[in-house]
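Novice: As listed in TrEMBL for this protein:
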| type | residues | note |
| --- | --- | --- |
| DOMAIN | 1-95 | domain 'SRCR' |
| DISULFID | 57-67 | disulfide bond |
| DOMAIN | 117-217 | domain 'SRCR' |
| DISULFID | 142-206 | disulfide bond |
| DISULFID | 155-216 | disulfide bond |
| DISULFID | 186-196 | disulfide bond |
| DOMAIN | 219-318 | domain 'SRCR' |
| DISULFID | 243-307 | disulfide bond |
| DISULFID | 256-317 | disulfide bond |
| DISULFID | 287-297 | disulfide bond |
């Protein structure tokens, strides 16, 4: 990550750097959502001044320069007011050259093998109207026979977790251009939507009022309705319950927003819906409350170890927006 101040490019120190800060850079560069933030000059050490450090973005800023920081070039050089550290096998060691932090953005059009599917018009890159690229032109998918098995393929192709909804009737607004696919039939195990059965490319039998949509998520509510139940998050392809000791109102706001379920009404414990038997997630979740998805929130190890299925998070959101 580099910044330009007074016509000179410089780097950014990784003190306090997190996914909320990364989200601002990805947005500023029109690169979609942040996938990772990498420490230790992973892309090589920069040169020139270290312009910014201790950056605190809320995640909604339009440019990194609008985020709070320690000021431009104030004490980020070697052996000054405060330092950037690097950790090696021998512990913490002061570095003469600053430890930098870089990041990887995930573009809004999937950067997987083909880049042939995207979701448009939703609150994040993992929700929206399904569009497919064919012969160099983007078009939509008709909702005839559209179901969760079809949605699962789209979610997998975009690396967006599990399908929450397979939506019809242009839920995310009508598209433009051709309706490329209709009567899509997936088993759910295909690696790309193009491998699913259909009536063929461009054999149009419906209009954009029936454009198919998908909502994917790495969070879900179980045991109640779509917008209420025991909270589970997807981690390493395993669904896990969340300990209520590491979850608060700001986290609840993000979950309800990600599921398009309005505002949180109540955060419950004591397994009000269903205890379940999933593994327990015990990392401290530290959302600011304005993130679009839970995976954008920082996490840290928790010292609260009294976690069991008796006190998993139960959440009630206001309802479907």
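Cβ coordinates come from backbone N, Cα and C, glycine included.
A quick note: this is a predicted structure, and the numbers were derived from the prediction, not measured.
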Novice: In this structure, which of the disulfide-bonded residues 297, 317 has the fewest other Cβ atoms within 10 Å of its Cβ?
Specialist: 297
Novice: May I ask which of the disulfide-bonded residues 67, 142, 287, 307 is closest to residue 186 (disulfide bond) if we compare their C-alpha atoms?
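Specialist: It is 142, whose Cα lies nearest.
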Novice: May I ask for the distance between residue 297 (disulfide bond) and residue 243 (disulfide bond), taken between their Cα atoms and rounded to an integer number of Å?
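Specialist: One finds 16 Å between the Cα atoms of these residues.
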Novice: On a count of neighbouring CB atoms within 10 A, which of the disulfide-bonded residues 142, 155, 186, 206 is highest?
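Specialist: The largest 10 Å Cβ neighbour count belongs to 142.
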Novice: Would you mind checking how many other C-beta atoms are within 10 angstroms of the C-beta on residue 216 (disulfide bond)?
Specialist: 25
Novice: Sort out for me which one of 196, 243, 307 has the most neighbouring CB atoms within 10 A, since those are the disulfide-bonded residues we care about.
Specialist: 243
Novice: Counting only other Cβ atoms and using a 10 Å cut-off, which of the disulfide-bonded residues 67, 256 scores lowest?
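Specialist: Selected from the disulfide-bonded residues 67, 256 on minimum Cβ neighbours within 10 Å: 67.
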Novice: In the domain 'SRCR' (219-318), how many residues does DSSP call helix, how many strand, and how many coil?
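Specialist: DSSP composition of the domain 'SRCR' (219-318): 19 helix, 36 strand, 45 coil.
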Novice: Spatially speaking, which of the disulfide-bonded residues 67, 155, 256, 287 is closest to residue 196 (disulfide bond)? Use C-alpha to C-alpha, please.
Specialist: 155
Novice: Given residue 287 (disulfide bond) and residue 216 (disulfide bond), what distance in Å do their CA atoms have, once rounded to a whole number?
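Specialist: Cα-Cα distance, residue 287 (disulfide bond) to residue 216 (disulfide bond): 20 Å.
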Novice: What average pLDDT is reported by the model for the domain 'SRCR' (219-318)?
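Specialist: For the domain 'SRCR' (219-318), the model's average pLDDT rounds to 85.
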Novice: List only the single closest residue to residue 216 (disulfide bond), chosen from the disulfide-bonded residues 206, 256, 317 by CA-CA distance.
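Specialist: When the Cα distances are compared, 256 comes out closest.
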